[in-house]
Amino acid sequence: MNLTEDCMVFEDVAIYFSQEEWGILNDAQRHLHSNVMLENFALLSSVGCWHGAKDEEVPSKQCVSVRVLQVTIPKPALSTLKAQPCKMCSSILKDILHLAEHDGTHPEQGLYTCAAEHDLHQKEQIREKLTRSDEWRPSFVNHSAHVGERNFTCTQGGKDFTASSDLLQQQVLNSGWKLYRDTQDGEAFQGEQNDFNSSQGGKDFCHQHGLFEHQKTHNGERPYEFSECGELFRYNSNLIKYQQNHAGERPYEGTEYGKTFIRKSNLVQHQKIHSEGFLSKRSDPIEHQEILSRPTPYECTQCGKAFLTQAHLVGHQKTHTGEQPYECNKCGKFFMYNSKLIRHQKVHTGERRYECSECGKLFMDSFTLGRHQRVHTGERPFECSICGKFFSHRSTLNMHQRVHAGKRLYKCSECGKAFSLKHNVVQHLKIHTGERPYECTECEKAFVRKSHLVQHQKIHTDAFSKRSDLIQHKRIDIRPRPYTCSECGKAFLTQAHLVGHQKIHTGERPYECTQCAKAFVRKSHLVQHEKIHTDAFSKRSDLIQHKRIDLRPRPYVCSECGKAFLTQAHLDGHQKIQTGERRYECNECGKFFLDSYKLVIHQRIHTGEKPYKCSKCGKFFRYRCTLSRHQKVHTGERPYECSECGKFFRDSYKLIIHQRVHTGEKPYECSNCGKFLRYRSTFIKHHKVCTGEKPHECSKCRELFRTKSSLIIHQQSHTGESPFKLRECGKDFNKCNTGQRQKTHTGERSYECGESSKVFKYNSSLIKHQIIHTGKRP
C-alpha cells in the first residue's frame, strides 16, 4: 500500500463555515477558529504538505498527534521536504477565513487591529507572511508523541513548548514583530522588523492581552477598585502598588540610613548613592567605559560635535537648520523628532500609564517617571567638574555650568542685557513691553510672572506669604500663664520662670564669670557668655553661618580691589560697584540704580504705589517686608526675647538694637564732635545739629528745617490746618499725641509707683517722682 494514502493534507482537517454561518459567530468564536486553523496550518507547513508528492520518494515515517490531527512527519535526516508551504493549502486557508477577495489590498497590514471592521482582513496578511517566509516556519527537533512532553523547540532560543501555537507565538517575539494593532492611536511606528504597519496608523502589540489592556485607555475603563477609598485603576498592577502606598507598607530597607522603599528596584537605585562613582543608568562601569571609548566617525560640520551613527548626526543637524517636520494633527504644533511628537500627543489623549510607586503620581512616559523617581531616591548622578555640586538632571547641570563659564547666550534686544537661560530673557522683555498677563481677581493688580501672582494672592487670605512667617507664628504660646509677677504684672508658664524673672527686680545676679567677673541673672546667660573667652560660637546660628563660608576656589579676581569670586557673573556685578556703573535711571528724579528691580521699587515713591495690603485692617504698604512687620501687630507675635531683661520684640533687628542698652554699645561716632551715639536715627539728627544742615525748606516763607516732619508741622501754620482734633472738647493740635491729651478728659492714671503706690498720668511724671525714693537722677 502506498504510504501517502495514510497521510493527510490541510483539506482533511480544515473546518469550513458558510457566509451565513460566519456572520452568526461572535468575535471570540472567530478568534478561536482563526487560532486553531493557524496552528494546524503552521504544523503542516513545518513538516511539508503531500500535495503532488505521489511521484516522489516516500520517506519512512513516524506520527505525532496534535488534537485530532494525524500528521505524517518525515525523519529529519531526509531532505525531501518542500522548501515552502504548499500554495494550494494557503489558498484553502484564505477561503476558509473568507479573505480571498481581499488579496493584495493592503499587503503590509498587521494581523489584529483595535477596530472591529479590520479584524478579519488583517489576519489574512499575517498568514500570507507565513506562506512566504522561512522565518515563520517552526522547526521541530523532538518528535515524540508522549503526552505531557514539550515536543516543539525553538531553534533561536532553544526553549521547548508543548503546542505548536505556543512555539509560533515565541517566534513572533523573537522576530520583534507585533501582531496586534490599535488603530485608534493614530501613531505610525517605524522599524526594520515591523513589517505589519497599517496604512491607517495604529499602535502594535505582541500579545492580544496587551492590545486589550491598551484599549482601556480609549474607553476610559477602570475595572479595578480599591475597597478602602473607592479609587479606580486601569491595571491590576497599579491597584497593588496603590494598596502598598495606602497601607504604608515599605518592606525594603536600606542598610546605610534605614530608609525604606515600596519596591526593591527603588532600594537598589537608592543604594547607588552610598557607593562611589555610581552611574545614572543601570549599567556596569566597564560597559559604560566601552560606550565612552567607541569611535564617533560622524562629525557635524556646523559645531564639530561627533556621533556614533549617521542617523544620530542627521537628527542633530536639525538643531542647526531648525527643521521640524513632525506636525501634531490636533493642535498644529511642530516637532523636530517623531518621538517628541508621540510624547506630545499623549497630552491630548490624557494617557498617563506610568505610575510612581512611591507617591502614586502618573506620568506620560517611562523617561519622565525615571527622572521623577530621583526625587524619592535622592539620586544626583550629574556632577559639576568645577565646583563638585551634584544635580538630578543633566539639563540642570548644563544650566549650572553656564554660571561658571560666564556664558550669557540670550541677549535682550532692547537694553542689551544678557542672560544664561532663555526663559529669563523672555521674562525680562516683559519689563520693556509693560506686559503683565497675570491679574489678581481680588484687587485686579497685574504681575509679570505667575509666581508673583501666587505670592500676592496670599495677602487676601489668612495664609502666610513665607514659610518663615508661619514658623514664627507657631512659636506664639497660647497656653495659660498662671504665675504672675507682683512687681510688673508679667505672667509666666512655670514657677521657675517667675523666680528667674523676679531677680531682675531685686537686682540679684548670682552667676559670675571667672574670666572677667561679669555677673548674670541666669546660668544659661553665663554659659552663653563664657563662649566669648573660647573659640566656640556663642550661638548656634553663628556656627551655621560660619559653616556657610565657601572654601571652594574663587578664580575670578577683581583687578581693582583684589576680591575673588566663584563665578564671572558675581565678578561682573561687583565691578559695577567699582566703576560706579548705574545703567538704570529714574525718569522722575534722575537717580541711577545698579539693578532694574531696585529702580522698580524706587519708582513706587513717585507713583505712590502701595501694592501690599494688610488683610486685617486694610492698610497698604509699599514694601513686602513692611507689611510682614506690620502683620505682627495684629497677631501679637513677639518671638525674639532679650536674654538680659526678658523683654520680647517683633523683629530680630529691634532686639539687636535693644541689647545695646545692656552692652552699652554706641557704634555711631560723630566726625565733628567725636560723640558716640547708640542709634542711627539719633546719629543722623545729631549730625545735622553739628553741621547746621537744614535740608528741608518751606516753599512759602523759605524757612529751613532739619527734619521733614518739622517742615510739615510748620506748613500747617500757613494753611491754618490742625489735623489732630479731640472729640471730647474739639480742641485742635498740630502733633499726633492726642492719646496723651485724652487722659485729661478720662482721668486715666496708668503709671504706678512701686514704693508709694501713687499713680500718674504720664510716664515722665512717674520717673520724676521716683527720684524721691532712690535719690538718683537719670
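Including glycine, each Cβ sits where the backbone N, Cα and C put it.
Keep in mind the model is a prediction, meaning the values are calculated, not measured.
Screening LYS61, LYS178, LYS539, LYS685 against Swiss-Prot annotations picks out LYS539 (annotated as N6-acetyllysine). Check Swiss-Prot against the ranges 1-23, 24-46, 668-690 and you find zinc finger recorded for 668-690.
Looking at 83-105, 382-404, the stretch flagged in Swiss-Prot as zinc finger turns out to be 382-404. In summary, of the candidate residues LYS466, LYS547, LYS758, the record from Swiss-Prot lists N6-acetyllysine for LYS466, whereas the others have no such entry there.
Counting only the Cα atoms, the space from LYS761 (SUMO2 cross-link) to LYS768 (SUMO2 cross-link) is about 12 angstrom. Against the zinc finger (382-404), the recorded stretches 354-376, 584-606, 696-718, 751-773 differ in Cβ pairs under 8 Å, and the greatest number is found for 354-376.
With helix defined as DSSP H, G or I and strand as E or B, the zinc finger (696-718) counts 11 helix, 4 strand, 8 coil. Sequence-distant contacts of the zinc finger (584-606) (same chain, six or more residues past either end, CB-CB distance under 8 Å): 431, 573, 576-577, 622-623. Ranking the recorded sites LYS761, LYS768 by C-beta neighbours within 10 Å puts LYS761 at the top. Under the DSSP three-state reduction, LYS761 (SUMO2 cross-link) is assigned to coil, being neither helix nor strand. In this structure, LYS768 (SUMO2 cross-link) is part of a helix by DSSP. Outside the zinc finger (410-432) by six or more residues, the chain places 399, 402-403, 448-449, 569, 583, 596, 600 with a CB less than 8 A from a CB of the stretch.
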